[in-house]
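Asker: Pulled these features from Swiss-Prot for this protein:
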- 14-305: domain 'Lon N-terminal' (DOMAIN)
- 367-389: region 'Disordered' (REGION)
- GLY520, PRO521, PRO522, GLY523, VAL524, GLY525, LYS526, THR527: ATP binding site (BINDING)
- 773-969: domain 'Lon proteolytic' (DOMAIN)
- SER874: active site (ACT_SITE)
- LYS917: active site (ACT_SITE)
Amino acid sequence: MGLFFDSPGSNLYLPCFTLVDAPKLVPLPGVSYKVSFERDSIIHVLSEFKRNNSFKNNHLLDKINTAIAQNEIVVDNSVVNSCKQFHKKYGSDNSNNDAEVQMYIVLLPFEAVNNSVGAASRITAIQVEDDTITITFKSVARVENKQPLLNMQHSLWKSSILEIDDRSELRTWDHKSINKSILSFVKIFYDTDKIIKDFKSKYSLASKRSGDIDSRVLYLSPLANTLFMQLNGSHFNKSWKLLKAYLEQLTVLERNYDTCFELVSMMDLVMSILPMSLKQRLDFLTAKKLKSRAILFSTCVQDFQQIFKKLDDSVDYVNNHFSNSSNNDKSKLIANQLRALRFYIDDIKRNNSSVILKANSEKERTDVTSPNKFLKTSSSHDEDSDSNDEMEQIKSFIDSLEEKNVHPDGIKLLQKDFKRFMKMTPQNADYQVLRNYFDIVMDIPFGKTVNISTIDLAKSRAKLNEDHYGLQSVKRRLVEYLSVLKISEISTNDPNLNTDLHPKKDRASINKPPILLLVGPPGVGKTSIAKSVADVLGRKFQRISLGGIHNEAEIRGHRRTYVGSMCGLIIGALRKAGTMNPLILLDEVDKVLSGGVGGFGNRVNGDPGAALLEVLDPEQNSTFSDHYVGFPVDLSQVLFFCTANDLEGISEPLLNRMELIELPGYTPDEKIMIGSKFLLPKQIKANGLDAIKELPKIYLTDEAWNCVVLEYTREPGVRGLERRIGAIVRGKVVEYVENKMIQGEVDKEHLYKYLGLAHHPISEEILAPTEHSEKFGVVNGLSYNSDGSGSVLLFEVIKIHTDESGATNGPYIKTTGNLGNILEESIKIATSFVKHILFRGLIPGVNEKDINEFLTSEYHLHVPMGAVSKDGPSAGAAISLAILSCALKRPVSPKLCMTGEITLRGKILPIGGIKEKLLGAQFYHMNHVLVPSANLSDVVQAVSTDNQEQYEIYMDRSRQPELQKLKDKTQLQLHYCSDFFDVVKYTWPELLNKEVSHSRPSL
């Protein structure tokens, strides 16, 4: 708490006040500040002090009325005691009346982001005038505000404070650090002093008529003039001289803690005297640790020194250019300087309401521009020439608007703005606004399109297959679009075809490009397929990342009334592409933010998701309106591709406007094919091995590929696989650099050298049997994970208690494993269903004793990996089988897994993510998979990507060829289940072969 308190545990309370009326002031310890306030904004603060009896007789408050104090009492006895303790340590500077309690207050800078650090200051003088009160504060210590309040404006509040005691921290430093800090401060101070002296000397020489010609450029620099005004004022000279004298006294003393503390205190004085930026002073004030403050001080002063270095470099550069320039170039340079001065004087004249000052400004303007007739003429000629060129360019653009097919509203608006622009002078406030507007509008490529060459479907297919493996659904949709364009091309070029049925405008509407939404897990090729499509179509490609967009103006643009307004991302993409028919990829469309908590963002910034509704609607985007452009722009020729990882983040209206194409994760075989055909050659080229001709070809064996795909990566995409392949190739590069020789083959045993050890085999660990556990009650379900992959989800059920009272209203099931509400409901449904079928005697071989034991027992159901949240209805069949397994005490094969929602009647309903779940079953080495019968079409689509083949498989129900194809690909034997008894039949085939009794058991 500081060394001066009565006891280490005593609390300090001081009133806190934010310097709203002095927003650029940063109070630093050791410095006195004289601040003028408007009477209404500060009078209540002083009245609050006078209301307390301890300050009532303070002579500084003689003219203050207590009736204007705040309703809440801020200055109480705790504040009085704290003021006394502060004055005990810091009030030894000739106080006029030691009997008076001095007023201390914590001053907080207005511009600070964090108002928890301020300066404890003593009020030393108060001057009251009519509408103004001027207060002198003497800042004495840096303190931490323990109870910061925001938006207090001119209000005063009491807070518990903590002195930031530099002396205590200094005691923890060793002698070496003390000595180093002293030497560092002394060097920085004297280096700065020398730089300031040299600058003043150069400037004084440049300001004299008899001075060096080369030094006169320094006198032209606005930076040099500003620095000289700041560093040559009487206040700066006096303060700097005192600091220098005090430093000379300290340097002769012994280098100990006390000397170092005095130098540390001088840092605050130096930061307040030198012309530092507001941010630098704020950072310096709020730095609590002395060591970090010392580093910040060194950085700030060195930055200040660099200003003079850059100033000297700029002067040397101008002198070198000036010495090699012709007289005409020199005249132009001086003319530009004079013209800038004239503009500045004109601004002063406009802002000055005094007639006398206006006349003086006019006289100064005449004197400045009249000495050299040539300079004046040259300046005017250059200005007029530039202005004429601008006008000609804009006029040419305005005249060609109809040819460029600009919307009629746009033609009217641009012509009107151009007329206003022609009447303005460059000094007009709106001149530059309109100039920037015309620059942006002229960049929009109205009427410019990239002509698509003759469409060859075979070459297009080959190009897509060359760039991407799989993704048949995207390729199929693109081929359909190319075929439509091909028909249009044929109908246009063949005079024998009847084009009256489809006039030109109708054909244009038929050829509207599709708006495709590619949904899939990360790394499956959504973004890269869009680039390939642009290459196939011969269109310019532009990518817009929508992640984190939270403002409608970023899509639609800012209105021109705002300072620094710009067009939106869509118009910006057209400007970059230089054509009206590019392919624009809206990446991560599901990450668009749609407002803050409680819809606040929608009210303030607009909804960027809603702004996309017009962009992605083929019926509306022909008249897309950007706020900055101000008139409709035709986007109907743009081919929009959108990507997303999850449909949940996309609103229904937006989703309805796009064609949805789902990209599932890759199978291990597909990953191996992509890795060998695409990724490995790409990494070899990226790491430079392709340039070395004598090297053997690098390849991975089949075992190595399987190991990399199955053990070193766990993802639906191939980004992680590419990183692993890159690590292998870089390892080969290291071997070549060290040995000048490498082996081309990479087998499974060599992988550890490049990739380290494989991931922990969690699949084997979870599914492995335990020594003392029961074999029954364990069933493998299937899950679709949030990253787009599938996996086996284990359900464990054990009996933990039996009710000896014989109550048969159970069983009671406790659940763990971070389960969601829907999964909890599935457990309740499964429990009721198993009770129902046992009660009706639908399972043969179950006696009354087993039923009673089941109904009177308590069970515990757990799903491993509790850190992962789990939810959804698709585990109903697996949970029912696990509970039935416990009731019958029959184990389930650990190589069997299943998925499907169950109803109270035992019906197995269809679920989603079939392909991903089958991949997960393959990854976990399952043999048999049970899926709902209604998922037949999903299974067919998982084993085949060709439409014709899918139809043939789907219609052949007698042979069910999809089962054999799946087994050939994944070694999985799939069974369809219509109801729960199909599940029981495939799980325990021998059980249902017994005679089924339908009589109700007697309980």
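For all residues, glycine too, the Cβ spot is worked out from N, Cα and C.
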Asker: With a radius of 8 angstroms around the mean position of the C-beta atoms of GLY520, PRO521, PRO522, GLY523, VAL524, GLY525, LYS526, THR527, what other residues of the same chain does the ATP site pick up?
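Answerer: Along the chain, the qualifying residues are LEU518, THR643, ASN645, LEU663, PRO716, GLY717.
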Asker: Do you know offhand how many angstrom separate LYS526 (ATP binding site) and LYS917 (active site) by C-alpha?
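Answerer: Checking the Cα atoms of LYS526 (ATP binding site) and LYS917 (active site) gives a distance of 21 Å.
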Asker: Can you give me the same-chain residues 6 or more apart in sequence from GLY520 (ATP binding site) with a CB-CB distance under 8 Å?
Answerer: LYS526, ASN645, GLU662, LEU663, PRO664, GLY665, PRO716, GLY788
Asker: Using CB atoms and a 10 A radius, I'd like the single residue among the binding-site residues PRO521, PRO522, GLY523, GLY525 with the highest neighbour count.
Answerer: GLY525
Asker: Of the recorded positions PRO521, VAL524, THR527, SER874, which one has its Cα closest to the Cα of LYS917 (active site)?
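Answerer: Result for LYS917 (active site): the nearest of the recorded positions is SER874.
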Asker: In angstrom units, rounded to an integer, how far apart are the Cα atoms of GLY523 (ATP binding site) and SER874 (active site)?
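Answerer: Counting only the Cα atoms, the answer is 26 Å.
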Asker: When neighbour density is defined as the number of other C-beta atoms within 10 angstroms of a residue's C-beta, which of the recorded positions LYS526, LYS917 has the lowest density?
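Answerer: Fewest other Cβ atoms within 10 Å, among the recorded positions LYS526, LYS917, is found for LYS526.
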Asker: Relative to the Cβ position of VAL524 (ATP binding site), how many further Cβ atoms are located within 10 Å?
Answerer: 28
Asker: Which residues, sitting 6 or more apart from THR527 (ATP binding site) on the same chain, put a CB under 8 Å from its CB?
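Answerer: Result: ARG543, LEU585, ASP587, THR643.
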Asker: Please report the Cα separation of GLY525 (ATP binding site) and SER874 (active site) in Å, rounded to an integer.
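Answerer: Cα to Cα, GLY525 (ATP binding site) and SER874 (active site) are separated by 28 Å.
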Asker: Roughly how many Å lie between the Cα atoms of VAL524 (ATP binding site) and SER874 (active site), rounded to a whole value?
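Answerer: So the alpha carbons of VAL524 (ATP binding site) and SER874 (active site) sit roughly 25 Å from each other.
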